[in-house]
Structures are given as C-alpha cells and as structure tokens.
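Marked as active site by Swiss-Prot on the basis of sequence analysis: His100, Asp103. As annotated by Swiss-Prot, Mg(2+) 1 binding site applies to Glu231, Glu267, Asp295, Asp338, with the evidence given as sequence analysis. Per Swiss-Prot, the feature Mg(2+) 2 binding site maps to Glu267, His270, Asp306, Asp308.
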Amino acid sequence: MSTGFFGDTAKIKYEGPESTNPLAFRHYNPDDVVLGKRMEDHLRFAVAYWHSFVWPGGDPFGGQTFERPWFKDSMEAAKLKADVAFEFFQLLGAPFYCFHDADVRPEGRNFAENTRNLNDIVDYFAKKQDESGVKLLWGTANLFSNRRFMAGAATNPDPDVFAFAAATVKTCIDATQRLGGENYVLWGGREGYETLLNTDLKRELDQLGRFLNLVVEYKHKIGFKGTILIEPKPQEPTKHQYDYDVATVYGFLKKYGLENEVKLNIEQGHAILAGHSFEHELALANALGVFGSIDMNRNDYQSGWDTDQFPNNVPEMALAYYHVLAGGGFKTGGTNFDAKLRRQSIDPEDLLIGHIGGMDCCARGLKAAAKMIEDKALSAPLEERYAGWNELEAQKMLQGGFSLEEIEARVLKADVNPQPKSGRQELLENVVNRYV
C-alpha cells in the first residue's frame with residue numbers, strides 16, 4: 001500500500017538510452033546479461049537508510065531543510081519511515097538496503113531500551129522484507145553520533161564505553177542475522193584521535209584489536225554466515241582515524257590475526273580523502289585478498305571533506321568495476337549508495353532521481369568494464385609487460401632459488417644490461433576512453 005510520500009509515481013522501468021524521462025532508467029536493465037550474469041546480480045544495488053531517510057539536509061552553517069513526516073523520535077515515526085523506505089526500495093527496484101541501528105529505532109534512555117526498540121523495529125522489518133522481497137545487504141551499529149562516543153567506542157579511555165559499544169554491536173549482529181543480512185560492517189568514525197597529547201596509541205590499537213576479535217568470535221559462536229567488513233576512512237569526524245585506508249587496515253588485521261576473518265567495504269569518497277583513487281583501493285584490496293563490498297558515491301574534488309554525492313563519472317565507474325570483475329565480482333558484498341541529496345533537493349522525487357542517475361552510471365561503468373575484460377584490452381598489455389617473469393630463471397629468482405650472491409654472479413657472467421621499455425600509459429588511457 002502506498003504511503004503517498006512519492007505521490008502517484010510508478011515503479012521505475014528501463015526505457016533505453018534515448019529516453020528523456022527523468023524517472024526511468026536509460027542504462028540499467030536488471031535483466032541484461034553481462035559476462036554470463038544478470039546485471040542486477042553483478043551490481044547488487046543497495047540503498048543506504050541513513051542518507052536517504054535520516055539525514056535532515058543540514059550543514060555546519062544551517063539546519064534542517066528536508067521536511068519528512070517521520071522526523072520524530074518515536075516508534076510510530078520509525079515505522080512510518082520504514083513504510084516509506086520499503087516503498088522506495090520497491091519503486092526503485094533495489095534488491096538490498098543497509099542500516100545503522102540508530103537509523104531505524106528511536107533512541108532509548110539506556111542500553112536495554114535501545115535493544116527493545118531495535119528488536120521491535122526488526123520485527124517490523126522482517127514483515128516488510130517478506131512482503132517486498134527486498135533483502136538486507138548489511139547492518140551496522142552507530143558508534144559515533146551519541147556524545148558517549150565522543151572519545152571513541154572501542155578505543156575510548158573509559159572501559160564502560162567499550163562495554164556499551166560491544167554490547168550494542170552484539171545486538172546489531174543479532175538483528176543483522178535475524179534479517180538475513182549478508183554482511184556486518186564496522187566503521188570507526190571516532191576510532192582515532194584529535195591530538196596525540198591525550199592519546200595512548202598502542203593502548204587504543206590493542207583495544208580496537210580486542211574489540212574486533214570479540215566480533216569475530218561472536219560471529220562464529222552464533223553461526224552467522226555473513227562477512228565481517230571494515231570500512232576505511234582517513235579522517236572526519238576524527239582528525240586521524242585508525243582505519244585510514246586499505247593498506248593501513250590490512251596491516252592492522254595482520255597484527256591482530258584477523259586477515260583471514262575480515263574483509264573491506266571500500267568507499268569512493270573515503271579513497272579520495274586518503275589521497276588515493278577509488279580503483280587504487282579496490283585493486284589493492286584484491287591484491288591483498290580482502291575485498292568485500294563497496295560504498296558508492298563521489299566527492300567534490302574541490303572540497304576537503306566527504307560530500308557523499310551520487311556517482312556521475314562513467315570512466316571512474318568503469319575502472320572501479322573493472323577491478324571488481326577482475327577480482328571475481330561480489331561474493332556477499334554489493335554496491336551500496338552511500339550518497340545523499342544536496343540540501344536544496346527537497347522534493348521526494350529528487351531521492352528517486354539521484355538513485356536512478358547513480359544506478360545508470362554504475363550500469364554504464366559495468367558494461368564498459370565487462371567489454372574491456374572480454375577484449376583483454378588491459379589484461380593483454382599487462383601480461384606482455386610482465387612476460388619476462390614467466391621465464392624459468394626469473395621464476396627461480398622470485399621463488400627463492402637464487403641467493404643475492406648468485407644473482408650478482410649471473411649479472412656479471414651474462415653482462416646483464418637491461419634497457420627500459422615504454423610503459424605506454426597514454427595508449428592505455430586512450431584504450432579506456434574508447435570503451436566509455
């Protein structure tokens with residue numbers, strides 16, 4: 001039954017590239033077959049509950065611009081928000097959604113009340129999922145908004161805050177499992193520091209390592225089959241976050257023995273904040289064996305903060321999905337739109353239009369990436385570039401068959417004097433542009 005929030009809007013359909021209808025897909029056709037799989041099954045789109053239904057449209061210089069009938073802290077409002085959200089998922093044809101606990105339940109007076117409220121709304125969500133067929137991609141706990149977390153959650157100097165956060169995560173994993181969620185995400189927005197003057201780095205990292213081990217232990221104890229994901233971000237709200245980027249998180253996982261238990265949820269905007277490209281973070285996660293899922297958005301390249309806009313750069317998306325596909329595609333992960341409307345975009349249909357554009361952009365990127373893979377447009381030059389390493393002596397050198405002295409002797413005996421070869425960067429950039 002319609003909530004009336006989106007008026008008489010019909011389900012969004014694919015109308016093809018020539019369509020000028022703003023409420024239609026031009027490139028995203030869920031049933032299109034790409035590399036032997038339906039487009040919907042490749043992309044696994046999800047809607048972010050927080051940006052789409054919780055964010056009020058404020059900024060540091062002004063407050064709420066969005067007027068939503070569910071902007072009240074009550075269970076009745078939470079259920080209305082759920083009604084609108086699930087109507088939106090179905091209008092859009094999004095197969096998944098994601099949420100923080102604080103997005104979906106009213107804030108209670110204490111942990112017990114928060115848990116009761118979460119359990120109540122999970123009951124409601126379970127019915128909504130059964131009715132709609134929409135699934136939960138991942139759940140997570142908001143361990144950054146409430147003032148109790150101002151000095152961190154797992155890394156807080158107060159052990160009671162650590163305990164409160166751990167208990168909260170336990171209830172959120174329970175909720176995620178009950179709703180059939182395919183992943184559970186941890187993002188450490190307050191796990192870091194503002195100044196080293198009041199920070200014990202080793203202590204805080206050890207606390208964070210123990211916290212994550214508790215999560216993994218509990219996952220196995222209850223038989224949760226989903227993937228535990230960490231989402232890297234270098235800063236904001238904290239000046240320096242411990243989950244800075246893919247490389248940093250991998251080092252952390254190795255130190256605490258978790259590299260085979262935890263994978264990464266990589267966000268485009270966070271990659272930019274860390275001084276990387278999106279494809280760099282994806283390629284590195286694949287190389288290290290920790291790629292899990294993506295949060296799709298974009299940042300304003302002239303701003304120094306996380307603007308969380310909808311993606312609109314097809315070449316960027318093509319390279320991103322190239323690395324997703326090259327790594328074998330999503331397993332339990334997907335494409336979550338961690339993107340929000342601009343604060344002047346106050347109409348309900350703006351929410352649909354933003355997601356439609358993002359989904360079309362991703363679809364174009366996916367198709368371009370798939371074609372590059374089919375044609376070996378990038379893989380063939382790469383194989384040629386490293387072909388020398390396939391030779392017997394090179395393999396022996398790489399696998400420990402020669403000592404440093406033996407390598408020196410070979411260089412002297414054979415008078416090895418290598419000459420440089422072109423990296424052909426401009427050619428490869430032109431190749432990519434042919435596909436997008």
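Even glycines carry a Cβ here, placed using N, Cα and C.
A map of Swiss-Prot features onto the structure.
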| residue | record | contacts (Cβ under 8 Å, 6+ apart) |
| --- | --- | --- |
| His100 | active site | Tyr49, Trp50, Gly139, Thr140, Ala141, Asn142 |
| Asp103 | active site | Tyr49, Trp50, Phe53, Val54, Asn142 |
| Glu231 | Mg(2+) 1 binding site | Val185, Leu186, Trp187, Asp243, Leu264, Asn265, Ile266, Glu267, His270, Asp295 |
| Asp306 | Mg(2+) 2 binding site | Lys233, Glu236, Gly269, His270, Leu273, Asn299 |
| Asp308 | Mg(2+) 2 binding site | His51, Gly269, Asn297, Asn299, Asp338, Ala339, Lys340 |
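In the three-state DSSP reading, His100 (active site) counts as strand. Under the three-state DSSP scheme, His270 (Mg(2+) 2 binding site) falls in the helix class.
Neighbouring residues of the recorded Mg(2+) 2 site, listed in sequence order and excluding Glu267, His270, Asp306, Asp308, comprise Lys233, Gln268, Gly269, Ile272, Leu273, Asp295, Asn297, Asn299, Asp338 (Cβ within 8 Å of the Cβ centroid).
Neighbours of the Mg(2+) 1 site: apart from Glu231, Glu267, Asp295, Asp338, residues of the same chain with C-beta atoms within 8 angstroms of the site's C-beta centroid are Trp187, Lys233, Asn265, Ile266, Gln268, Gly269, His270, Ile294, Met296, Asn297, Asn336. All protein chains considered, the CB of His270 (Mg(2+) 2 binding site) has 29 other CB atoms within 10 Å. Around the Cβ of Asp338 (Mg(2+) 1 binding site), the number of neighbouring Cβ atoms within 10 Å comes to 23.
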